[in-house]
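Enquirer: Before we start, here is the structure in question, set down as structure tokens.
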Amino acid sequence: MQQGSQVTAKAGGGRLIGEVQAKRGLVMIGAMQEKDSKTNAAGGQTLGQNAYAEMARRIKDWGQELGFAAIGIAGADVSAATPRLMAWLALGRHGEMDYMAKHASLRADPGRLLPGTLSVISARLTYWPEAADAEKVLADRELAYVSRYALGRDYHKTVRQRLQALADRLRGDIAALAPAQPFSCRVFSDSAPVLETELARQSGIAWRGKHTLSLTRGGSWHFLGEIYTNLPLPPDAPIADHCGDCRRCLDVCPTQAIFAPYEVDARRCISYLTIELQGAIPVDLRSLIGNRIYGCDDCQLCCPWNRFAGLGDADFAVRNGLDAMPLAALFAWSEEEFNRRLAGSALRRIGHQRWLRNIAVALGNAPGSPAIVAALASRQDDPSPLVREHVRWALAQHTARGV
Ligand code: B12
Ligand code: SF4
Ligand code: SF4
């Protein structure tokens, strides 16, 4: 918690310092600019290479002030990764995530998503919260395991708000340095067809782990976000991959969703089954889900690089005691309670019905105490056929075990 608070204090308190530094930077750049500027067709001044290099340095400083763990710059060409994306889609590994296939061409070409994009500012925001020990919660089958990224505030909004603040500073910088320079930008965090991991890799803020997630020497407990812009910023170099011979993430995955290094079949991933899948969870995978009711962290919990991870941003601090709640208590939440308690949380995205579906599966995997069986029995006549079917399956597990 302490470390997380420090990050936020820096993000807030740094804003003033940042403004002073930014103004100071403008004076220096203004002086430099005479040497490093061009006149465009309209007769206005635009920036030269050195000025863009200086600007890239300022963007990284502002990013740090806003609480980002790292900022890097990539070009707008992701063609190295697109054949694998297309192959993954062709093999149907995206399952029901139609948006992955529907917007593949936009994902494959940043210039189609935002015309004129020349550079991508890629950012990492860390989230590991101070919470109950993850391994202990996973081992206690009466408790619900919620992925550590989803215990606090919904990251989509938080990351984009911070990136927007960064984009606003950039806009101010451009307006002061070269008012004739046309400026366009858009911010994203898991909110549009963007190949985020590939851009993070290219920008040098992470390498791609064998679990396919972005990874650093400080671990993988971070979110990614981007600013697409028409500015020709100088790209950073990718960093080396440090997975080496390790294959722990492949070996621990409960459903063998990582069936080869860098190959995830989403249809088997617990994150997909508990968050993305709309309908029934395939019966053969239910017992492998254990007590994970929203997402899964196993391929990251086992990763040696996460031993070096510190606490993340305070915005992702645990809410509602969700880090170690009894399954039976969560199963009793009415729809009104679910919506009220989870306002502002990513969990709310799945809706009450799928929430109950997931908890029913976990209760079916829990030890057969009378309290667990009674909790399940209380929803035998739930109005939702989806919930009823999962409750029936869960009760049958207990019957088969002789409870
Ligand atoms: C769809 C999606 C999912 C799907 C599919 C996951 C997947 N691995 O593709 C599901 C629902 C399963 C999922 C789960 C999770 N997700 Co997700 N997901 C996404 C999303 C929206 C798109 C990812 C994507 O494009 N997948 C398609 C595949 C084809 O692309 P790819 O993984 O980049 O790599 C492929 C190729 O490019 C190729 N490849 C590329 N380079 C190289 C290099 C070499 C050498 C090789 C061999 C191959 C190779 O290999 C793959 C083909 O199989 C991104 C956000 C975004 N817009 O990018 C978040 C994102 C990747 N997810 C995120 C998170 C946090 C998760 C979970 C950890 C959540 C959880 N705790 O439950 C899990 C982790 C599961 C896992 N091991 O991937 C974060 C990751 C942050 C981080 N540290 O990396 C992201 C970036 C969202 C964000 N903005 O923060 N996710
Ligand atoms: S999130 Fe869980 S199920 Fe998905 S790939 Fe990682 S370990 Fe496997
Ligand atoms: S567990 Fe090992 S192979 Fe998997 S991402 Fe971490 S270092 Fe790489």
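Every residue gets a Cβ built from N, Cα and C, even glycine.
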Enquirer: Among Cys296, Cys303, find me the residue TrEMBL lists at the same [4Fe-4S] cluster 1 site as Cys243, Cys246, Cys249.
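Expert: Record check against TrEMBL: [4Fe-4S] cluster 1 site with Cys243, Cys246, Cys249, extra candidate from Cys296, Cys303 is Cys303.
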Enquirer: Hey, TrEMBL has cob(II)alamin bound by Arg107, Asp190, Leu224, Cys296, Asp297. Any idea which of Ser79, Ser271, Ser334 it lists too?
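Expert: Among Ser79, Ser271, Ser334, only Ser271 appears alongside Arg107, Asp190, Leu224, Cys296, Asp297 as cob(II)alamin-binding in TrEMBL.
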Enquirer: Given the binding-site residues Cys243, Cys246, Cys249, Cys296, Cys303, which one has the fewest other C-beta atoms within 10 angstroms of its C-beta?
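Expert: So among Cys243, Cys246, Cys249, Cys296, Cys303, the binding-site residues given, the one with the fewest Cβ atoms within 10 Å is Cys246.
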Enquirer: The domain '4Fe-4S ferredoxin-type' (233-263): mean pLDDT?
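Expert: Per the prediction, mean pLDDT sits at 97 for the domain '4Fe-4S ferredoxin-type' (233-263).
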Enquirer: Other residues near the [4Fe-4S] cluster 2 site, CB within 8 A of the CB centroid of Cys253, Cys269, Cys296, Cys299?
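Expert: Here the non-site neighbours turn out to be His211, Cys249, Pro254, Thr255, Ala257, Ile258, Val264, Ile270, Ser271, Asp298.
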Enquirer: What's the CA to CA span in angstrom from Arg107 (cob(II)alamin binding site) over to Asp190 (active site, proton donor)?
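Expert: Arg107 (cob(II)alamin binding site) to Asp190 (active site, proton donor), Cα-Cα distance: 12 Å.
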Enquirer: Closest of the recorded positions to Cys243 ([4Fe-4S] cluster 1 binding site), Cα to Cα, picking from Asp190, Leu224, Asp297?
Expert: Asp297
Enquirer: Cβ within 8 angstroms of the Cβ centroid of Cys243, Cys246, Cys249, Cys303: which residues besides those meet this for the [4Fe-4S] cluster 1 site?
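Expert: Apart from Cys243, Cys246, Cys249, Cys303, the close residues are Gly209, Lys210, His211, Leu215, Arg247, Arg248, Cys299, Cys302, Pro304, Trp305.
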Enquirer: Of Arg107, Leu224, Ser271, the binding-site residues listed, which put a C-beta under 6 Å from ligand 1? Please answer none if none do.
Expert: Leu224, Ser271
